[in-house]
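Here is the structure we will look at, set down as structure tokens.
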Amino acid sequence: MEIERKFLLSGFPDLPELERAEVFQGYLGISPEVRIRSKRVGEAETYRLCFKGEGSLVREEIELDLDKATFESLKKLLPKPMIRKEYRIYRLENGLRLECSRVDPGTDTEFYYAEVEFQDQQQAEIFSPPDFLGKEVTYDGSYRMKAYYQRKK
């Protein structure tokens, strides 16, 4: 189960970083959402296959680890180029993690967004976002990565 709220950003926040990574992801299916992702932190790279159900604030999520060979085989099945993200994680004052991404940096479709994941729906609903977070887009499906991927050339 995934419980998260999503916000637009004007750039990366000025907070101490917990992690910095480069992420590539592509979609094998849209409904249900089936995604592959590679994540590089320093010299270490991981590969995952993810299935996501419908929903906005709360939705089913199943993630499976992949080896590089399987990831590369699945990557050949993608209908479009992968999304590239500069990805950073920060700790918020309340102990929550803020996951921020710069999507397709250097392109005319570049944008920033942030996600905060929660343990339960009540925690998500009472969360008061810091002022630096922009417009909340949790309930706007056009800001989901699968929607962006569908629009991508």
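Note: Cβ is positioned from N, Cα and C throughout, glycine not excepted.
Any TrEMBL annotation is an automated prediction that lacks curation.
Listed in TrEMBL:
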{"type": "DOMAIN", "residues": "1-146", "note": "domain 'CYTH'"}
{"type": "ACT_SITE", "residues": "Tyr27", "note": "active site, proton acceptor"}
Across the domain 'CYTH' (1-146), what are the DSSP residue counts per state (helix, strand, coil)?
19 helix, 71 strand, 56 coil
Validating a neighbour-count step here. Other CB atoms within 10 A of the CB of Tyr27 (active site, proton acceptor): how many?
22
